[in-house]
Amino acid sequence: MEIQGGNLAVMCIFHLQCVPIIATIPWYSTMLPLLFVLLVRGCKDLATDLGRRRSDGQINRRPCDILTPEGFKTVKWKDVRVGDILQVHKDQVIPADLLLLCSTEPHSLCYVETADIDGETNLKFRQALSATHTELNGDSVKQNLAAFDCSDSKILQNCGKLKLKNTQVEMLLNKTVLVILLFMITTALLLAVGAGLFEYRVPLSNWQRDSSPPYLGFITFWGYIILLSPSMPMSLYITFEVIHMVHCLLIGWDIEMYWEDNNSPAQARTTTLNEELGQVGHLLSDKTGTLTQNRLLFRQCFIAGHIYGDMSKELKPLDLSWNRFSCGGLKFSDQRLVDKLRERSSPECQEFFTALALCHTVMSEWRDGLPHYQAASPDEEALVCAARELGWVFLSRTRETLTISEMGLTRNYQLLALLDFTSKRRRMSVLVRDPGGQLKLYCKGADIVVLERLQRDWPLQESTERALELFAQGCLRTLCVAVRSVPEALWTEWSRTLSQAGTSTGNQETVLEEIYDQMEKDLTLLGVTAIEDRLQEGVPETIATLRRAGLKVWVLTGDKTETAVNVGYACKLMDPDTILIQGEELRQLLESPSPDVHVMSKEPEVWITDRRAVKSKAALVVSGPELAEMTKAPEWGAKFVALSDQCQSVLCCRVTPAQKAEVVEMVRKHSTSITMAIGDGANDVNMIKTAHIGVGLCGVEGSQAVQNAAFALAQFSFLRRLLLVHGH
């Protein structure tokens, strides 16, 4: 329990009252109110700590199986130690960071869900005795070796340090107590000096005849301190504690912030930050899973110069009765593409969907005679499911083969190499040998990295760029798909180089990237996929309302600039007539001595007429590399925050999870307003902890964001009521 300034001062006064020579009032007149304040605060903190202890106990008491000389024995999580061999079952949460020794799947394969690590609900590929064999505490999937436990596990290492957060009202109260204390000391000092002078001039023979005037003044000073002590605002502390507890209950009882779909009420996980809700000046939000539903749908595609798919809300359902593997749920409507695939009249379309069925790390699971998929990303699952519905069905995989069904014809492809996706590479590839013996490399990834690896003077360049622009305008996430025919001689030489790199002791990741680059070139574009990630219900209205209330809303996303900008328009982060300041224009402003957004206006007469009104129409768009420069140059960070105050909103694109926390820290450092950060995954935890107020969204994502947040909500739209009703 934190010792407040007022409590400490009253405690000192109580000790003074225990000295008989200076005691002017009974000791219990001060001690009893102090005990009552401490009792109320202690009961509140005890209730909070008991709730956390109960939550921690539920986790620590989870069962797991460890290997003993007598066989596997069920123990509690808290009893797991480094070096124990654990048996983990399907869908069980991992109790510690583990090394995968073997699994029941062929070739010791397994997939883990990392929702509590990075906020992603899809599966990650793990294999025994390989570079990807580590499973992390918080993953959910089997024998494993415990590598790290407790505070050494990655899930806790990534959470950052716990920061003590004091509210502005609390700091103001402490300052007020300090001022009152100084007033008491000054007044008591003046009265003591006066008493000493009076005794010196008019000695009182009946009152401590042997005492000197200075001594009497000293004793009188402490006596007046005790007499003036009732001016300390003890009742104010009691009032604050009661108000905080009642306010937390009201937030939890608010039926309008209750999400019935997953039985999630709003939660106030702290009682010390309530009054800050009405003081928030900057709201910094994650996008995927926070503003959007994180349920991706295949909506359109571009193949051989043609765009397929309809973005209208009322889709005409396709007749897929001919496909015995169809599971339904496809939000794609274009009979032209289905006819071309069934008639096999378009080799380009067939090759495109062959790439979608092969180029992935998806794991298949058969239920009721139909294939269901678990993938390493929502994009992969959406693409493989779309290919399945349209006749190109991924059936199974082993370490050496991939089996698919092409319009009912089962074909086995030999898997020669898997070039993994990383956030730095932003693409993945598979090298396969088709049933006819031909070697092919299928590649898919972000347009900016795939297009630059195509053959020179590739056809349909203009139409492809127009399609990408059209998809971005529709707020769709795009991936480019390409292929390359690989000669046998090239494969033989390249595989030898790859094997040598696997045994190198240097920076293996960099070496592998260079080797992958040698293969991923001279590609031929097959097409572009367009996937929709829908906004949550009420997001545009919530952001528009918060903007009207005077909040500066920042959105941080890993999407490319074009997609992020269009999502910004869709969620009302920016108005249709908003002036975007980005790239070279933003750099010029940051390099100027006193940056002002009006100098970038393309309508100077409007600025002169109403500069304040037009400034509100500007928005800053900044990328991850530009943010990295700002963190290295503190003066740029200060200028950027100053510029943001002149604009209606800020959009940060291509940012990493670490940069999210850096952005929040930059705003806190160069602004006096209260910051609030909201996210839904463990990759948002540092951002949530860095802000004055952290909000975690609970739903389909992991629980780490909620566990580290001051407030927990089920939907972003509930933020409007939390700030504008409970905050005022």
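Using N, Cα and C of the backbone, Cβ positions are placed for all residues, glycine too.
These come from TrEMBL:
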{"type": "ACT_SITE", "residues": "Asp286", "note": "active site, 4-aspartylphosphate intermediate"}
{"type": "BINDING", "residues": "Asp286, Thr288, Asp680, Asp684", "note": "Mg(2+) binding site"}
{"type": "BINDING", "residues": "Asp286, Lys287, Thr288, Glu380, Phe421, Lys444, Arg477, Thr557, Gly558, Asp559, Arg654, Lys660, Asn683, Asp684", "note": "ATP binding site"}
{"type": "TRANSMEM", "residues": "177-198", "note": "transmembrane segment"}
{"type": "TRANSMEM", "residues": "218-240", "note": "transmembrane segment"}
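According to its DSSP assignment, Arg654 (ATP binding site) is coil. Using a Cβ-Cβ cut-off under 8 Å and counting only residues 6 or more beyond its ends in the same chain, the transmembrane segment (177-198) has close neighbours at 4-6, 9, 213-214, 216-218, 220-222, 224-225, 228-229, 231-233.
Spatially close to Arg654 (ATP binding site) yet at least six residues away along the chain are Gly558, Asp559, Lys560, Thr561, Ser623, Gly624, Pro625, judged by Cβ distances under 8 angstroms. The residue listed as 'active site, 4-aspartylphosphate intermediate' sits 8 Å from Asp684 (Mg(2+) binding site), taking the C-alpha atoms as the reference points.
Here the C-alpha separation of Arg477 (ATP binding site) and Thr288 (Mg(2+) binding site) works out to 11 Å. When the binding-site residues Thr288, Asn683 are compared by the number of other CB atoms within 10 angstroms of each CB, Thr288 has the fewest.
Neighbour count (other Cβ atoms within 10 Å of the Cβ, all protein chains): 28 for Asp286 (active site, 4-aspartylphosphate intermediate). Residues near Phe421 (ATP binding site) in space but far in sequence (CB under 8 A, at least 6 apart, same chain), listed by position: Thr361, Ala376, Ser377, Arg427, Met428, Gly445.
Neighbours of Asp684 (Mg(2+) binding site), defined as other CB atoms within 10 A of its CB across all chains, total 32. Residue density at Arg477 (ATP binding site): 23 other Cβ atoms are found within 10 A of its Cβ, drawing on all protein chains shown. All protein chains included, Asp680 (Mg(2+) binding site) registers 30 other Cβ atoms within 10 Å of its own Cβ. When Cβ atoms from all protein chains are considered, those within 10 Å of Gly558 (ATP binding site) total 20, not counting its own. DSSP assigns Arg477 (ATP binding site) to a strand.
DSSP assigns Asp684 (Mg(2+) binding site) to a helix in the three-state reduction.
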